[in-house]
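Pulled from Swiss-Prot, these are the features on record:
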BINDING   Ser9, Arg42  L-glutamate binding site
BINDING   Gly76, Arg77, Trp102, Thr153, Asp173, Gln196, Asn238, Thr239  pyridoxal 5'-phosphate binding site
MOD_RES   Lys197  N6-(pyridoxal phosphate)lysine
Amino acid sequence: MAQVYNFSSGPAMLPADVLRVAQEELRDWQGLGTSVMEISHRSKEFIQVAEQAEQDFRDLLEIPSNYKVLFCHGGGRGQFSALPLNLLGNKTTADYVDGGYWAASAVKEAKKYLTPNVIDAKITVDGKRAIKPMSEWQLSADAAYVHYCPNETIDGIAINDTPDFGDAIVTADFSSTILSHPIDVSRYGVIYAGAQKNIGPAGLTLVIVREDLLGKAHVSCPSVLDYSVLSENDSMFNTPPTFAWYLAGLVFKWLKTNGGVAAMDKINQQKADLLYGVIDNSDFYRNDVATANRSRMNVPFQLADSSLDKLFLEESFAAGLHALKGHRVVGGMRASIYNAMPLEGVKALTDFMVDFERRHG
């Protein structure tokens, strides 16, 4: 079978080693004669899987002991509702930083529960899209919390600053950048991430929440979104997505075996440098994000002649480079190069790009 590299933004590529283990264990897990998908989430065997996955996740991000880790349903969009329902309390507003598509989506959902103070952080620097430094964000004094998205998958924009807002409760959607670089978890009240990019398959959402923020949910908050209920029940208030949880655990083990988050950080920088280098050294390709705010996870790029887009996608697919079509909102191309994408995959893409330019430029 020819080598295929999947550049999908999510559900995304999983590590080959993880898929191999899952395949080997699929029909007979740990000698039980059944699949891990078939055993009770309350069995001692699955409890062991769940506890080990949480511990490995804590180790990878060095999560302080005063934070709870929740394995949830609902995806990132579910957390758009969970945040105000759990954190608003008796306040009526929260600060929402708009840096792109997903941050704006969080604002739209939040309006069902509060009146957001929207901070438009989008700016232009030398004709390229960028984000205001955090020091220029105008937070309000009466906000229940501040929310932002550190990495915008569609726009290819990253916010790399570490938040330092005093006593403000900082919440963040880390869906597309979790585990790709070190995070100072202590700077946040809530971190959440859909699993389908850097953690595992779709269907699982991880939430890291500071313990002092528990117990404040609105009376109308659905139990499946209530952080306290989930914490008190070890994320098993209802049946969790057990297979996704198991696979996430395999990914965490793979990360630890391969040097952890620090090693991923270095490799991800190498991959991004290689791809952006080809784009920047060409008049055939372009990226319209300022260097300081370029995403290392999602690299959108345009061809100078858009009439070649269809051919580029056809030829790249035939070459084993899949899912390079850009999001419908921005068009063009997009290469998502999460942790599971090896450097060899990015090298294969850049070699193809150089050759395509030679033939059609």
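The backbone N, Cα and C atoms fix where each Cβ goes, glycine too.
All features noted in Swiss-Prot, drawn onto the structure.
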| residue | record | contacts (Cβ under 8 Å, 6+ apart) |
| --- | --- | --- |
| Ser9 | L-glutamate binding site | Thr153, Ile154, Ser176, Lys197, Asn298, Ala323, His327, Arg334, Ser336 |
| Gly76 | pyridoxal 5'-phosphate binding site | Trp102, Asp173, Ser175, Tyr192, Ala193, Gly194, Thr205 |
| Arg77 | pyridoxal 5'-phosphate binding site | Ser105, Glu109 |
| Gln196 | pyridoxal 5'-phosphate binding site | Gly10, Pro11, Ala12, Ser175, Ala202, Gly203 |
| Asn238 | pyridoxal 5'-phosphate binding site | His73, Val224 |
| Thr239 | pyridoxal 5'-phosphate binding site | His41 |
Intrachain C-beta neighbours of Arg42 (L-glutamate binding site), sequence separation six or more, cut-off 8 angstroms: Met236
Local backbone state of Gly76 (pyridoxal 5'-phosphate binding site), from DSSP in three classes: helix
Residues Gly76, Arg77, Trp102, Thr153, Asp173, Gln196, Asn238, Thr239 [recorded pyridoxal 5'-phosphate binders]: greatest CA to CA distance in Å: 30
Structural state of Asp173 (pyridoxal 5'-phosphate binding site), classified by DSSP into three states: strand
Three-class DSSP secondary structure - Ser9 (L-glutamate binding site): coil
Number of other Cβ atoms within 10 Å of the Cβ of Thr153 (pyridoxal 5'-phosphate binding site) across all protein chains: 25
Helix, strand or coil at Trp102 (pyridoxal 5'-phosphate binding site) [DSSP, three-state]: helix
Secondary-structure category, per DSSP, in which Arg42 (L-glutamate binding site) falls: coil
Least Cβ-crowded entry, counting other Cβ within 10 Å, from the recorded positions listed as Trp102, Asp173, Lys197: Trp102
